[in-house]
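What follows is a short report on a single structure.
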Amino acid sequence: MTLQEEIIRQLGVKASIDPQEEIRKAVDFLKAYLRKHSFLKTYVLGISGGQDSTLAGKLAQMAIAELREEASDQAYQFIAVRLPYGVQADEADAQKALAFIAPDQTLTINIKAAVDGQVEALQAAGVEISDFNKGNIKARQRMISQYAIAGQMAGAVIGTDHAAENITGFFTKFGDGGADILPLFRLNKRQGKALLKVLGADAALYEKVPTADLEDQKPGLADEVALGVTYQDIDDYLEGKLISKVAQATIEKWWHKGQHKRHLPITIFDDFWK
């Protein structure tokens, strides 16, 4: 088995999908998790205005709406959370995403004071924080807020990790990579876009340039620039297609580099890192 085949196997990616079938599969998955854990009544998800959180949010709201009706239990709620750092440049996109999702509840927590306070505390201790590292603090602070909300509201936190993100390790360890449930896992970027099209999302929500937008000194830095490879190449690779040797080497480099992010903390019994 080639490395490409092994990665595809691990991430469960199909070469082609039926968007309607994948929507139903994700909604049923989200419903089943709450049914199994009867002490949970809500899903919590940060909404940025990008493709991934828009799709995960819509699927979550659909699942909660069905559960609420089927169980005749109004306690089932989907809580969308806006988590800007100061003023978000593409706030209009975030509002457009919320209008499309139509969540039961929307909360806004501005993380700027918490992030800046942490950076200042570290600097006071003599630890200078790089702009890149500060970006990771932002991602982790967003998850602190989401878990605080979930803890108070009998909730589980939804993550937006999908195959094109997982293969490159393009997420913050214990930041956006930390969640309870991943409804998009198995889908690549273009497949997620296909689901949003079927769901009737505004094209602007899935045609915009993907960006983590975590660094102050590189606002709106495109994912593809940061990774050095296009999502088209990543998606093609995940669908078992041939791509250029340069693109393949870049993708596989990120796969190896990000292995530690796909595991729980390393124990003496683990050998994946050796």
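Cβ atoms are placed via backbone N, Cα and C, with glycine included.
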Going by Swiss-Prot, R140, D180, H260, K261 bind deamido-NAD(+); tell me which of K173, K253 is listed for that site too. K173
Identity of the ATP-site residue among T2, T211, T250 (reference: G46, I47, S48, G49, G50, Q51, D52, S53, T160, K189, source: Swiss-Prot): T211
Across all protein chains shown, the one of the binding-site residues D52, E165 with the most other Cβ atoms within 10 Å of its Cβ is E165
Please report the Cα separation of D180 (deamido-NAD(+) binding site) and S48 (ATP binding site) in Å, rounded to an integer. 18
By a 10 A CB contact count over all chains shown, which of the binding-site residues listed here is most packed: R140, K173, H260, K261? R140
Tell me the coarse DSSP state (helix, strand, coil) of G50 (ATP binding site). coil
